[in-house]
């Protein structure tokens, strides 16, 4: 009715700016449910590749779903390449992964993409756990992420707990966080933004994040909002990625992402919601 059908071989594909590889839920705001609207609000074409599919996050009384079958997961990635959708790719954003097998498949695919498109930025949020929950990923994930995924990243956005486990070092003070972060930097891994950093140094109403490169370290403080929805790290890494792709310097991008998360947390508190409330205009929160 609206056009001729066919294989589309002669037509141009949708060129993706970002491939976001994360969790997906039917109900709630975590993983790609957060990353997709945040990145798209900045005018980016995004391919959302699910790693797990859950009804909701595990802190509810009921939970259904699980990790995607490995042949499905690998197929999603390889078919993006097969469709020609990656010719203008700018970034790969990685979040929650379902098991070590997914880490291995994803790492091989990223290597293939980088061989063809070496300028693509790889930003990894190495989701492992947090101080209040402990490790909440599958057995073997810490080792798989450390050995296979981290070496491919240009930048990392761990929380304080994850930094400690990945580096094998204490990360209680600012100095310890900087040392632990730099132990993971390489010629390829250029920077790290550590969220919920150095908790032993927080005031009653503030928290810290640290921006660490080989030659510099900056501390940013932000308000401590008395709510704890899931998905704040996913929101932070998506906003950070969007700002970096706009050409914003790392420290400014991290500040903008931090402000954005604080805005979301304030909205969540006002709504008295268990779920993270996304800002109504995801592009406006930027520290002047």
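Just so you know, the numbers here start at 1 and follow the chain as drawn.
Glycine too: its Cβ is placed from the backbone N, Cα and C atoms.
Look at Swiss-Prot and you will find 23, 59, 234 tagged as substrate binding site. Look at Swiss-Prot and you will find 125, 157, 162, 195, 222, 223, 224, 225, 232 tagged as ATP binding site, backed by sequence analysis. Sequence annotations record features per position, and here Swiss-Prot assigns Mg(2+) binding site to 136, 162.
Annotated features, which come from Swiss-Prot, shown on the structure.
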{"residue": "23", "record": "substrate binding site", "CB count, 10 Å": "27"}
{"residue": "59", "record": "substrate binding site", "CB count, 10 Å": "12"}
{"residue": "125", "record": "ATP binding site", "CB count, 10 Å": "28"}
{"residue": "136", "record": "Mg(2+) binding site", "CB count, 10 Å": "12"}
{"residue": "162", "record": "ATP binding site", "CB count, 10 Å": "26"}
{"residue": "222", "record": "ATP binding site", "CB count, 10 Å": "17"}
{"residue": "224", "record": "ATP binding site", "CB count, 10 Å": "15"}
{"residue": "232", "record": "ATP binding site", "CB count, 10 Å": "23"}
{"residue": "234", "record": "substrate binding site", "CB count, 10 Å": "28"}
Margin query: If I take the alpha carbons of residue 136 (Mg(2+) binding site) and residue 224 (ATP binding site), what is the distance between them in whole Å?
Written below: 24
Note to self: Can you tell me the CA-to-CA distance separating residue 162 (ATP binding site) and residue 234 (substrate binding site), as a whole number of Å?
What the structure shows: 14
Item checked: Residue among binding-site residues 125, 222, 224 with Cα closest to the Cα of residue 234 (substrate binding site) -> 125
Check: What is the interatomic distance between the Cα atoms of residue 232 (ATP binding site) and residue 59 (substrate binding site), given in whole Å?
Finding: 15
Check: Largest pairwise Cα distance, Å, within the listed substrate binders 23, 59, 234?
Finding: 17
Item checked: Separation of alpha carbons, residue 222 (ATP binding site) and residue 59 (substrate binding site) (Å) -> 26
Note to self: Spatially, which candidate from the binding-site residues 125, 222, 224 is nearest to residue 23 (substrate binding site), comparing Cα atoms?
What the structure shows: 125
Next item on the list: Determine the C-alpha span of the ATP site listed in the record, that is the greatest distance between any two of 125, 157, 162, 195, 222, 223, 224, 225, 232, in Å to the nearest whole number.
Entry: 22
Check: Applying the rule Cβ within 8 Å of the centroid of the Cβ atoms of 23, 59, 234, what extra residues of the same chain belong around the substrate site?
Finding: 25, 28, 30, 31, 57, 96, 230, 231
